[in-house]
Amino acid sequence: MLARHHHPIVAIATAPGRGGVGIVRLSGQRIAPVVQALCGRKLSPRQATYLPFRDAHGQIIDKGLAIFFPAPHSYTGEDVLELQAHGGPVVLQLLLARCLEAGAALDPATGQPVLAQLRVAEPGEFTERAFLNDKIDLAQAEAIADLIDASTETAARSAARSMSGEFSQAVNTLLEQLIHLRMLVEATLDFPEEDIDFLQQADAQGQLLRLQATLASVLARATQGAILREGIKVVIAGQPNVGKSSLLNALAGAELAIVTPVAGTTRDKVSQLIQIEGVPLHVVDTAGLREALDEVEKIGIQRAWTEIESADAVLFLHDLARHDATENPLYAINYIADDARLQSALALKLPKNTAIIDVWNKSDMAGPELLRQVNGGVLISAKTGAGLQALREQLLRVVGWQAAPEGVFMARERHVSALRSVQIQLLTAQNQLQAAVPALDLLAEDLRQAQLHLSSITGAFNADDLLGEIFSKFCIGK
């Protein structure tokens with residue numbers, strides 16, 4: 001631990017602004033003297049006590065509840081004091097200042113500060129203390145932040161499961177199996193003179209295959225959890241006036257974007273967070289793609305391409321009404337040719353893993369013959385809502401969402417990356433094990449690297465810069 005981890009800390013634990021209740025939290029080793037100074041009495045452990053909070057001159061700041069959690073039975077593993085007052089910003093700032101003042105006051109008996117080095121906590125420092133004191137592991141700490149930031153009910157429930165340790169338990173089960181396999185390899189290396197084939201006797205190949213199968217299951221659930229956490233960026237693209245804004249409004253269930261018959265109405269992006277089956281989607285409506293008629297439209301089209309290139313999925317809208325060649329064949333031919341050019345441009349600009357869904361809009365205006373000619377994609381009417389459910393289902397399929405919500409771990413990209421690295425190391429280990437003459441030293445190294453990657457998920461193996469990055473993302477007071 002660093003020296004700062006031994007300093008007592010205090011912070012306002014509730015969100016900024018006005019509220020019915022606000023909390024000031026203090027954590028440190030042996031904080032009983034400052035508890036006495038702040039509360040004017042000794043508090044019974046883990047019992048809420050209603051009392052006045054007074055300043056250094058005895059004047060009442062507020063009245064509320066004080067709860068003392070002696071170590072190690074607290075959130076941080078240290079002594080913790082929580083002061084629950086009315087949630088006004090001024091009241092909470094006064095209580096925070098009073099805590100710092102009480103800690104800095106000199107003890108008449110010793111002439112030393114009552115609570116030396118008491119300071120305001122850094123973002124995430126209470127949760128960091130919980131991790132350092134083995135109250136939670138790193139995956140659980142991250143799940144706490146993910147629960148706070150969850151944008152859908154499904155994401156919140158998945159984060160709660162990870163916070164309770166389901167993800168960590170799955171990782172630890174993998175670690176136990178991996179360590180046992182490593183022991184067999186190391187025993188074979190350490191005792192080559194023994195007339196015992198430890199690997200064959202213990203069915204090392206079978207153990208490795210079972211480990212790989214378990215890993216694949218955990219990785220699949222974690223990948224779905226990463227989708228829940230990060231969300232999916234969906235960009236609506238196409239020529240002007242094909243119904244992009246109408247589609248955004250239909251998906252969002254609200255009139256977010258202006259809809260007019262005039263081509264080029266949308267000049268800048270319009271974004272909205274929606275959810276499909278609990279999966280958060282960041283849907284972006286963009287300017288129509290064509291040769292710009294003025295400088296403002298040109299900027300809007302450039303921004304549209306920027307959004308498209310960073311999308312996880314692109315909904316490319318076709319206007320079925322303009323495909324009808326019965327009234328104006330030349331207009332329809334030109335429109336279809338422009339659509340084809342835009343589709344080619346999309347294919348060239350976008351990464352291969354970006355999903356492109358052809359969406360045929362205005363199906364309510366197309367005749368049966370034209371509808372029969374549509375090959376691939378999804379038929380919809382943004383105006384009537386026809387086909388929207390099929391579009392939602394297609395969106396989830398193309399981005400890889402397939403797990404039942406109750407089976408999903410809330411996971412981060414670093415977790416998924418670590419699990420994939422383990423998968424690669426185990427595949428290399430499998431090749432070594434199946435060789436005619438296995439290179440046991442290389443096999444042992446593959447398994448060691450796999451263990452390091454797994455351990456990084458829960459923090460059993462970590463780097464200080466990784467910890468700093470993770471906990472800095474928390475709010476102050478958590």
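In case you wondered, yes, glycine gets a Cβ from its N, Cα and C as well.
Noted in Swiss-Prot for the protein shown:
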type: BINDING; residues: Arg25, Glu82, Lys135, Lys478; note: (6S)-5-formyl-5,6,7,8-tetrahydrofolate binding site
type: BINDING; residues: Asn241, Thr260, Val262, Thr265; note: K(+) binding site
type: BINDING; residues: 241-246, 260-266, 285-288; note: GTP binding site
type: BINDING; residues: Ser245, Thr266; note: Mg(2+) binding site
type: DOMAIN; residues: 231-400; note: domain 'TrmE-type G'
Local Cβ density at Lys244 (GTP binding site) - other Cβ atoms counted within 10 Å: 32
By Cα-Cα distance, the member of binding-site residues Arg25, Lys135, Ala287 nearest Asn241 (K(+) binding site): Ala287
C-alpha spacing of Ala287 (GTP binding site) relative to Lys135 ((6S)-5-formyl-5,6,7,8-tetrahydrofolate binding site), in angstrom: 51
Ser245 (Mg(2+) binding site), number of other Cβ atoms within 10 Å: 23
Overall pLDDT for the domain 'TrmE-type G' (231-400), taken as the rounded mean: 84
Binding-site residues listed as Arg25, Lys135, least Cβ neighbours within 10 Å: Lys135
Rounded Cα-Cα span from Ser245 (Mg(2+) binding site) to Glu82 ((6S)-5-formyl-5,6,7,8-tetrahydrofolate binding site), Å: 49
Rounded Cα separation (Å) that holds between Ser245 (Mg(2+) binding site) and Ala287 (GTP binding site): 9
For Ala287 (GTP binding site), the number of other Cβ atoms found within 10 Å of its own Cβ: 27
Three-state secondary structure, which DSSP defines for Ser245 (Mg(2+) binding site): helix
Surrounding CB atoms that lie within 10 Å of the CB of Asn241 (K(+) binding site), all protein chains: 20
